Amino acid sequence: MVRIAVMGASGRMGQMLVQLVGESDLAVLGAAVERPGHGWVGQDLGVAAGGAALGLRVTDSVAQALEQSDAVIDFTAPGVSVALAEQAAAMGVAHVIGTTGFSDADLQAIARAAERGVIVRAGNMSLGVNLLVQLTAQVARALGMEYDIEIVEAHHRHKVDAPSGTALMLGEAAAEGRGQRLADVSERGRDGITGARQAGAIGFHAIRGGDIIGEHDVIFAGTGERITLRHVASDRSVFARGALRAAIWAQGQPPGEYSMAAVLGL
Ligand code: NAD
């Protein structure tokens, strides 16, 4: 049984993970972590979540949680995940990072931690999206520069970063398929007198509202025809299932930063 620490246990993804690990035959909950000062800290995890007691108290001590675990699953915030990457690597605990919204400096810090520890990081942990990433690269390669690429994503009203981590994964795949660097061609939203579209640009647009779990369209708009690749997540459990699969897969892997494509064998 792989012992799992859930970082951010009261969060939307954290609660989903606690439930999923509880149902798993391959994993067991080693620790549940919340930020210092959070109302759940010190309480029984099950009671805090409004259910029956689970016999596991929520902690704000990352060190203690890592001591009790083989892997930590982390859907929190960029600063939290960067600090945890270093600590988990030092303690030999595999780190599955679902958090999005990292800066380039954050990503460099995570890459440094992965020289010593096993890290699986993906802006989207679902099988469907990881397949869509591969299809996007393939379609972009086949269609070339004649087709304009626009990525439209929609999420719930609480999401704090844009474009979504998934939209960026799709943009990276599209750029790679056409032999471009995303940083050179990315256009974020449009407003006012923007002038005509730049040839070869990859556009990003973010819709925020209600309880939308996550929707992504990759539009290839040519002259006389348009192709749209679409993924719709209708249940957060797809991300949690992917993250748990990654935590189990990570056991015994050599240090490095891995993607979900590696975990899923795509
Ligand atoms: P959320 O706000 O519901 O949950 C985040 C939780 O982290 C909160 O409970 C918060 O208290 C906790 N937290 C903050 N600081 C902490 C600390 N220092 N120690 C422990 N816990 C701490 O957010 P969410 O909707 O669950 O999303 C979290 C992140 O995961 C976001 O970046 C989101 O974009 C990303 N996400 C990724 C995927 C994916 O498949 N990769 C899927 C869904 C969400």
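In case you wondered, yes, glycine gets a Cβ from its N, Cα and C as well.
Just so you know, TrEMBL annotations never went through curation; they're auto-generated.
Bear in mind that the values here come from a model prediction, so they are computed numbers and not experimental data.
According to TrEMBL, the active site, proton donor/acceptor annotation covers His155. Neighbour density for His155 (active site, proton donor/acceptor): within 10 A of its CB lie 25 other CB atoms from the protein chains shown.
Residues or ranges marked as active site, proton donor by TrEMBL: Lys159. The number of other Cβ atoms within 10 Å of the Cβ belonging to Lys159 (active site, proton donor), over all protein chains shown, comes to 17.
All protein chains shown were included, and the count of other CB atoms within 10 Å of the CB of Arg12 (NAD(+) binding site) stands at 14. Look at TrEMBL and you will find Gly8, Ala9, Ser10, Gly11, Arg12, Met13, Glu34, Gly98, Thr99, Thr100, Ala122, Gly123, Asn124, Met125 tagged as NAD(+) binding site.
If you look up TrEMBL, you'll see Arg35 marked as NADP(+) binding site. The secondary structure of Arg35 (NADP(+) binding site), as reduced to three states from DSSP, is coil rather than helix or strand.
Within the same chain, residues at least 6 positions away in sequence whose Cβ sits under 8 Å from that of Gly165 ((S)-2,3,4,5-tetrahydrodipicolinate binding site) are Thr100, Gly101, Ala122, Gly123, Asn124. Among the features that TrEMBL reports, (S)-2,3,4,5-tetrahydrodipicolinate binding site is placed at His156, Gly165, Thr166.
What TrEMBL lists as domain 'Dihydrodipicolinate reductase N-terminal' is 2-125.
If you average pLDDT over the domain 'Dihydrodipicolinate reductase C-terminal' (128-264) in this model, you get 97. As annotated by TrEMBL, domain 'Dihydrodipicolinate reductase C-terminal' applies to 128-264.
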Compute the centroid of the Cβ atoms of His156, Gly165, Thr166, then list the same-chain residues not in that set whose Cβ lies within 8 Å of it, in sequence order, for the (S)-2,3,4,5-tetrahydrodipicolinate site. Thr100, Gly123, Asn124, Glu153, His155, Lys159, Ser164, Ala167, Gly214
Would you mind splitting the domain 'Dihydrodipicolinate reductase C-terminal' (128-264) into helix, strand and coil residue counts from DSSP? 54 helix, 37 strand, 46 coil
Of Gly8, Ser10, Glu34, His155, His156, Thr166, the recorded positions with C-beta less than 6 Å from an atom of ligand 1, in sequence order, are Gly8, Ser10, Glu34
